[in-house]
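Pulled from Swiss-Prot, these are the features on record:
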type     : residues : note
SIGNAL   : 1-20     : signal peptide
DOMAIN   : 100-157  : domain 'VWFC'
COMPBIAS : 189-198  : compositional bias 'Acidic residues'
REGION   : 189-293  : region 'Disordered'
COMPBIAS : 223-238  : compositional bias 'Basic and acidic residues'
COMPBIAS : 249-272  : compositional bias 'Acidic residues'
DOMAIN   : 288-325  : domain 'LRRNT'
REPEAT   : 349-369  : repeat 'LRR 1'
CARBOHYD : Asn359   : N-linked glycosylation site
REPEAT   : 375-396  : repeat 'LRR 2'
REPEAT   : 420-440  : repeat 'LRR 4'
CARBOHYD : Asn430   : N-linked glycosylation site
REPEAT   : 446-466  : repeat 'LRR 5'
REPEAT   : 467-488  : repeat 'LRR 6'
CARBOHYD : Asn487   : N-linked glycosylation site
REPEAT   : 491-511  : repeat 'LRR 7'
REPEAT   : 517-538  : repeat 'LRR 8'
REPEAT   : 539-559  : repeat 'LRR 9'
REPEAT   : 563-583  : repeat 'LRR 10'
REPEAT   : 590-611  : repeat 'LRR 11'
REPEAT   : 613-634  : repeat 'LRR 12'
REPEAT   : 642-665  : repeat 'LRR 13'
Amino acid sequence: MKFSSLYCFLLLLIFQTDFGQNEETSRRQRRKMYHRRLRKSSLSTHRSVRQPGIQQMKTVTPAAKLPIINLDYSIEENFESFLSVPGVESSYNVLPGKKGHCLANGMIMYNKAVWSPEPCTTCLCLNGKVLCDETKCHPQMCPQTIIPEGECCPVCSNTEQREPTNLPHKQQSPPWEEMNRALRKEELQLEEDEEEVKQDENREQKKKTFRPGDWGRPINEGQSREGKAQRPEEEGRQAHQHRNPARENEEDDDEEEEDDDDEEEDDDDEDETIRGDTFRMPPRLPIPATPRGIPSLPSMCSLSYKTISCISADLTQIPPLTAPEITSLELIDNSITSIPDEAFNGLPNLERLDLSKNNITSSGIGPKAFKFLKNLMRLNMDGNNLVTIPSELPSTLEELKINENKLQVIDEESLSDLNQLVTLELEGNNLSETNVNSLAFKPLKSLSYLRLGRNKFRIIPQGLPASIEELYLENNQIEEITEISFNHTRKINVIGLRYNKIEENRIAPLAWINQENLESIDLSYNKLYHVPSYLPKSLVHLVLIGNQIERIPGYVFGHMEPGLEYLYLSFNKLVDDGIDRVSFYGAYHSLRELFLDHNELKSIPPGVQEMKALHFLRLNNNKIRNILPEQICNAEEDDDSNLQHLHLENNYIKTREIPSYAFSCIRSYSSIVLKPQNIK
């Protein structure tokens, strides 16, 4: 009895399993046949409309180089300073800026300035340190991602965004469960479509049935109406076939190929029936193909985070682009010669435009080429052939660069309406006091950074705006500084006058002594024979490298408050008689760096041991032969010196004859450089 019951139960189980598989197979076949009918009907009645546009490349989020951002979002700074990192020394080619400024990409950033060197990266200048932060993006588990406008991180392009796998509170479902959910959703959609088709068929049948009021109408009346409605469609179809017979043949071939593919898929499905004792991984979800008919960017161009870059792309004209979402356009190092009025009509929201290293001429720029760029803030036209500043520049400009051109004149109207301009760079042109109008800079109410280096000025340009804070006039022919040179520039903080022809007796006593904000002056490579007198009392940095200076007059720094901190006198002709104990009077308490290398000193200058704040001392490449006791360390004092770097190499010192306590106040002997020495 038990055996017969068990046998019947097994037969019933086998029958149920076979019936379930057959039911599933028939359901899948019906679904595919239905989708095939829908696809054929859509191919026969609808044709895709191609729309022009721009094919975007996949956005690549650049990784910030500095600083290092840990997993807990803490920041590790890489702050290069010889005052805090052993072995790093000052550079002669760096002009110290205002205390708290930062140097980034060749530009001096103000304290608390914020900028974005790369997409998704934000940097902050804080008390001389550059702090950068990068937006971290979680990976998306979807076939295609997009970056929404104004965002850094990609999101899924479909409506259902999958959860990231790295979230701890949610566990990713197995792939077969995802496939089952997709199949269930597809079945529900299929049932809804079938219901709609049935409803449409019922409506058509109701229309064809005669109502009681229709018996008196002729039957051919409805036929004639249908014929009239179908006649234009038939005529249009015949005309289309007559014009494009080849295209019709291609479409028929495509439909036949699709039918063959569907049949092959049906055969494969029949062979790959899922059995109860086997497991088969579900196929990959289809990835949508790129729409056909969308034109791509010009060759050698790229699109990344609202920026179009065409660097060294062999362009001879500005490409016609229509993309209102683009905010930055780079056309660097091409062969563009002209800018027509309508060049940027398709880019109305441009904020940054870089046209450097081209062959653009002033005559090739339309009078309204830039007028309608209402959001433009940064314009770079370095390395072109401009002889005048372009007209009708937008009033929103904050930065204008026209370096390395052929500018020959700046009149009163050249910079009109640029009242928001902060940075102006006009280096490497043919400008002088004869072709620059004294009222040219008057409209620039917000200008704080002005570069006029590598021109032909013989005096300081007149009419500088009162808002100016940094002025650079390197590589000109300036010979004197008069009392009225900086009369109206009370906010000026940095003056760079390297490589000119200035002599100390051509600097007027009242030229800058009353400036209250002037902290940095660079007079390197001029014709100075001693340290200039009447320096600003607010001075902090003084750079006098590469002159003919033979002495430092006494009390020359005595009037300064709070006091000089950085003094660079390298590559001069200083001798022992040119420095005495009162030469550094007024700077003993404040001097942090003193560079006296590459001179003709035979001994360590007096007063070094009294410089309590000194961190960096260079005396290398002189003619020093011995180090006397108490020239660097005072034996009567027990406190350690703040000196962290002492350079005495390339002199004539006999290291074995140095007194044992000569460097006793220095905390680490590794900070003293004594070798190599000259032998003579």
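Cβ from N, Cα, C; glycine included.
Here the Cβ of Asn487 (N-linked glycosylation site) has 14 other Cβ atoms within 10 Å, regardless of which shown protein chain they belong to.
Mapped onto DSSP helix, strand and coil, the repeat 'LRR 2' (375-396) counts 0 helix, 4 strand, 18 coil. Asn487 (N-linked glycosylation site) sits 26 Å from Asn430 (N-linked glycosylation site), taking the CA atoms of both as reference points.
The predicted model assigns the repeat 'LRR 5' (446-466) a mean pLDDT of 96. Annotated pair Asn359 (N-linked glycosylation site) and Asn430 (N-linked glycosylation site), C-alpha to C-alpha distance, rounded: 18 Å. Non-local contacts of Asn430 (N-linked glycosylation site) by the CB criterion (under 8 A, 6+ apart in sequence, same chain) comprise Lys406, Leu407, Gln408, Asn455, Lys456.
A 10 Å cutoff on Cβ-Cβ distances gives Asn359 (N-linked glycosylation site) a total of 14 other Cβ atoms nearby, all chains included.
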